[in-house]
Amino acid sequence: MKTTYVNATIVTMNEQNEVIENGYIIVENDKIIDVNSGEFASDFEVDEVIDMKGKWVLPGLVNTHTHVVMSLLRGIGDDMLLQPWLETRIWPLESQFTSQIAVASTELGLLEMVKSGTTSFSDMFNPIGVDQDAIMETVSRSGMRAAVSRTLFSFGTKEDEKKAIEEAEKYVKRYYNESGMLTTMVAPHSPYTCSTELLEECARIAVENQTMVHIHLSETEREVRDIEAQYGKRPVEYAASCGLFKRSTVIAHGVVLNDNERAFLAEHDVRVAHNPNSNLKLGSGIANVKAMLEAGIKVGIATDSVASNNNLDMFEEMRIATLLQKGIHQDATALPVETALTLATKGAAEVIGMKQTGSLEVGKCADFITIDPSNKPHLQPADEVLSHLVYAASGKDISDVIINGKRVVWNGECKTLDEERIIFEASRYKRGLQR
């Protein structure tokens, strides 16, 4: 099946960050086979021609760190620091989740993400009461591209920890697929919730199965103090001593890093998922993304969960990410528009090991989203496309979402998820949770 999308303004995010003002994209099944300017007069014979009527077409956004199973917990635990937020709000509520609640919560997060332009994401979920097979099946039905990872903790007995490791390794072997729509990573929660033995076992699983690692690291000053007091090392050095960086690793946050740590992370191909809104809301601080990029660290933007954000709008994350760097460095050139877009598209895709997506180029997967600026005053005059995408647009502006060549959202309507049922069930299950 060959489909041509014509009469579009195409934000390619190729090496030159080229914007084609009047162009077309040809998709064959799940791949882009042509991106060009001008009127469609290709040598390709196509099955369908779709007039985009001047819509902006850009790569689908890539969210490098989420917890979609927590989507029912939006608005619970506002105005709290990270540790009391986790210990008195989030974990007690998550412990009440059944597999049915987890699926309903996940569906809500998927619906929010895909309708606001996210096509790929990397997720960590708490396995208490949760069937990973059910979560993976739910994500698969949505049509989204994802790395969904079972989070490991050292809660309970040593026997509990051993069982958690066995379960995690089983799922890694079952679901790891570097080039597929769904994959997984090894995901120890953090240095403060995992024993040394557990972190070492996670490193072993990653090496033996050649998978990536996903972990919260250096998120707060308290974490750094506590880990240093307990182990005599800061979190980065401690994680390295456990062997975690033997495989490509994504660290969520990296708010509290020094110059030596940034250089070390770059040298060991450790990537950072930057969660600006979540870090601000939990009072964790502001990650120095400018310094990370200068050190050579791969960075991708992320939302974290709705419980700490409180939405999954990647446009909002792009905007706050660039504004924060300008503010903390008192440098208006810090994190310019093109860089912010890169960190939400092709750069983010590289962070989570999905190089097959993130830009609109021949050979890439057909993952793209559209915005119609014609009826949106906040996107007018419409000629400064890149600027408007970062500083003015929002997830509510999305018209269409194509993932792997399939129309997942079309004219604002999600084709893969039952929006009315999902919202009803989310409200019903939320009322049943005991605070």
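In case you wondered, yes, glycine gets a Cβ from its N, Cα and C as well.
Predicted, not measured: the structure shown is a model, and the values here were computed from it.
In Swiss-Prot this protein carries:
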- His65, His67, His216, Asp304: Zn(2+) binding site (BINDING)
- Glu94, Arg150, His189, Glu219, Asp304: substrate binding site (BINDING)
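Where Swiss-Prot records a feature, it is marked here on the structure.
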| residue | record | Cβ neighbours (10 Å) |
| --- | --- | --- |
| His65 | Zn(2+) binding site | 28 |
| His67 | Zn(2+) binding site | 24 |
| Glu94 | substrate binding site | 25 |
| Arg150 | substrate binding site | 23 |
| His189 | substrate binding site | 20 |
| His216 | Zn(2+) binding site | 27 |
| Glu219 | substrate binding site | 26 |
| Asp304 | Zn(2+) binding site | 28 |
Write down the Cα-Cα distance for Asp304 (Zn(2+) binding site) and Glu219 (substrate binding site), rounded and given in Å.
12
Could you check which of these binding-site residues, Glu94, Arg150, His189, sit within 10 Å of His216 (Zn(2+) binding site), going Cα to Cα?
His189
Pop the Cα-Cα gap between His67 (Zn(2+) binding site) and His189 (substrate binding site) into the table, whole Å please.
12
Compute the mean position of the Cβ atoms of His65, His67, His216, Asp304, which form the recorded Zn(2+) site, and then list in sequence order the other residues of that chain whose Cβ is within 8 Å of it.
Thr66, Met124, Ala252, His253, Ala273, Asn275, Ser278, Ala302, Ser305, Ser308
Proximal residue to Arg150 (substrate binding site) among binding-site residues His65, His67, Asp304 (C-alpha distance):
His67
